[in-house]
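Annotated features in TrEMBL:
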- 14-23: compositional bias 'Basic and acidic residues' (COMPBIAS)
- 40-566: domain 'Major facilitator superfamily (MFS) profile' (DOMAIN)
- 1-27: region 'Disordered' (REGION)
- 35-53: transmembrane segment (TRANSMEM)
- 78-98: transmembrane segment (TRANSMEM)
- 105-126: transmembrane segment (TRANSMEM)
- 138-160: transmembrane segment (TRANSMEM)
- 172-192: transmembrane segment (TRANSMEM)
- 271-290: transmembrane segment (TRANSMEM)
- 356-378: transmembrane segment (TRANSMEM)
- 398-422: transmembrane segment (TRANSMEM)
- 434-452: transmembrane segment (TRANSMEM)
- 458-484: transmembrane segment (TRANSMEM)
- 491-511: transmembrane segment (TRANSMEM)
- 543-562: transmembrane segment (TRANSMEM)
Amino acid sequence: MGKSEGPRGGSKASKMELEDDKSPLTSQEGEPKLWVIKLLFCVLFLLEMLLNFDSGGTPAVLEFITVDFRLTPGQQGLLGAFPYIGTLFMSPFAGQLLSRYNPKICVCVSLALNTFFCAMFAFSPVCTNPEGNCAGTYILLGCKLAIGISQACILIYLPVWVDEFAVPSLRTLWMSLLQAGVPLGVMLGYLFSGYLAENGKENPPYCHKEVPVEFDDCCGNGGECAGAKWSNIDTCCGVDEVTCSGVDWDLSSCCKPFNCPGGCWYCKWKYAIFLQVCLLIPLCIACIFVPKRYFITNKIVEPQAPKEEEEAKDAKTPTSDPRERADSLWVYIEGGKNAANISIWKQVRILWRSRVFVWTSLGLSALYFVVAGIQFWITQYIVEVLQVPYRDALGAFTLVSATGPVFGVIFGGWLVDYLGGYKGPEGVARTTKIILTLGILALIVALPAAFVKEIGLLMPLIWLLLFFGGAIVPAAVGICLSAVPRSIRPFSSSVSMVVYNILGHSAGTLFPGVVMDIKAKASGCVIVKSEPSQELEECAKEILTVGMQIVLLWAFAALFTFGKAGWRAHWAWESKQSDAEKGIIAQAAGDAGSNEVSPLPPRANWNKLSKEEIERLQRADPNRMYHIEDEDVEAEMRRQSKFGPPTLFNAAHTDFGEVFPKLKKAQENFESKLNNAVDKARRIDRAGTVGR
């Protein structure tokens with residue numbers, strides 16, 4: 001290959017930015033243009049908002065949906081949790097799909113399916129059975145589950161795309177904006193859904209919550225119909241349409257009470273869903289026409305120097321230097337476009353070894369638990385417990401959710417960039433301290449918010465809680481990606497999504513509701529209203545308060561897990577510095593982009609690596625993958641990068657020097673395995689070069 005050319009049609013500064021970018025942009029045929037990448041990021045940002053639109057809209061119109069579909073409290077909880085459960089179910093498969101197939105196909109198909117199921121959700125038939133359990137109810141819930149399934153590939157792919165394609169100087173900012181799209185989409189969904197449900201459709205001219213007194217004359221039942229509910233119409237009037245005083249009263253469409261499906265409020269909650277579908281359709285069409293080179297991140301091939309390219313063309317020889325073969329095998333071990341060849345179980349083991357990734361993912365899950373719980377239950381809490389009108393509650397929480405998390409995400413991204421970013425072991429250690437500080441501040445405001453009963457005090461505290469939580473998100477997401485090897489980042493993103501949905505979004509919606517149901521059954525308190533105008537009993541208000549306190553006090557769990565992540569990151573960085581001072585590992589070899597493999601400490605045998613050695617290897621360069629439990633060839637390759645093949649001259653480092661035949665056989669077996677692995681790596685490299 002010749003020298004890579006800069007992006008065509010771009011400015012000199014733009015070309016320099018792309019050339020300095022350690023991303024797939026510099027290693028693919030047909031260099032992407034910088035302005036196209038920026039435009040595509042804007043489209044993906046809009047897509048991130050739209051995918052979270054219904055997550056905010058459902059809590060805003062939950063009362064209307066409950067009336068039209070006769071939902072039980074458990075079904076209401078499922079309605080909020082099913083999108084996350086669907087994403088959870090699909091996440092492991094989505095990571096594999098993105099690794100094995102063209103990401104453009106995965107994203108476009110997922111987007112089309114998501115649009116279809118959003119439309120199906122809006123067209124679900126209303127339940128007319130007073131007892132509930134209608135077909136429309138299950139169609140509604142099924143569509144919510146399908147919406148979550150169809151979102152998985154897109155939600156997993158977006159942060160990976162930003163991490164790989166973003167201009168280096170803007171990477172953290174773009175990641176911050178992408179994460180800001182989540183609360184912004186939730187806020188817009190909450191605002192539009194609530195506003196359209198409240199004001200989108202005026203009641204018909206003669207629509208009443210109760211049957212008007214004029215019906216007494218028509219029915220002739222001596223006042224029996226005065227104030228009667230729709231459920232009593234058949235018994236007191238016996239007709240579905242009555243002509244009274246020259247006016248046609250169509251009881252089937254007009255005079256149903258507020259809590260009757262198909263009545264005055266019918267379809268008002270659907271308007272925001274229609275808007276979401278209309279915005280998703282153009283994005284589906286645009287996705288088809290975007291060149292695939294702007295999507296590919298699972299076919300990353302690191303650029304090679306001309307000398308390295310010539311060496312890669314040489315045929316393998318058994319007498320090649322072991323260190324050179326080790327470096328060649330490292331290219332294969334790093335994965336790149338062949339990440340799909342690594343088994344899921346191996347990738348899980350690699351992720352589990354990165355304790356910073358584990359604890360940070362758990363911390364984000366606890367944070368999302370708080371956010372999801374506030375989003376789903378806060379409106380009902382404000383209206384029922386604090387006795388605030390629905391319109392005022394809608395406006396107050398819209399203002400809070402529109403500004404708090406968005407400003408927090410932007411501030412958090414700026415703060416991390418200002419202090420040096422999250423790349424490298426030192427950056428990870430520094431960023432975890434920032435996260436821990438923000439977590440402490442979030443807990444400080446969550447404690448009083450769990451006990452105040454004044455809307456004027458609660459809303460500022462909720463705003464601060466969402467602000468500090470939003471500031472944590474971009475740094476934590478960046479750490480989750482930076483702490484794992486590049487080739488399994490799509491898989492790590494999918495694993496994170498699974499954890500977020502199990503312990504975060506789904507739990508934040510379901511767990512408080514389950515606790516409230518158990519407490520209500522134990523006390524014999526009725527927490528479900530028969531109609532919206534009914535006021536809850538005091539015991540029901542206390543139960544709602546307990547549910548909200550569970551959500552807010554979950555911030556303790558977030559602080560604990562982020563603290564553990566910070567301790568592990570700080571320990572890893574200090575250990576690496578100590579090892580570098582002792583000369584055990586090459587300091588910052590991975591940070592400088594060197595292909596050198598940090599040597600291992602001297603060993604007395606060929607047993608598997610110890611836990612301490614595994615951790616030392618990870619500190620040397622977190623972007624290496626070590627399959628050492630069941631792959632002897634890789635373990636031996638690492639030892640020979642230090643000592644060379646076992647012979648009688650270096651038998652002091654082995655247990656085989658006493659018996660020459662066994663030593664010779666072990667050496668031959670190892671050489672055969674190693675050469676086969678190197679040969680396979682070179683064939684894959686050549687195939688990738690031809691593909692480019």
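Note: Cβ is positioned from N, Cα and C throughout, glycine not excepted.
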Message = Any contact between the transmembrane segment (434-452) and the transmembrane segment (543-562)? By contact I mean 3+ C-beta pairs closer than 8 Å, pairs at least 6 apart along the chain.
response = yes
Ranking 458-484, 491-511, 543-562 by Cβ pairs under 8 Å to the transmembrane segment (78-98) puts first 491-511
In contact by Cβ distance (the transmembrane segment (138-160), the transmembrane segment (491-511); 3 or more pairs under 8 Å):
yes
The transmembrane segment (35-53) in contact with the transmembrane segment (398-422), cutoff 8 A, at least 3 CB pairs, sep 6+
no
Across the domain 'Major facilitator superfamily (MFS) profile' (40-566), the model's average pLDDT, rounded to a whole number, is 74
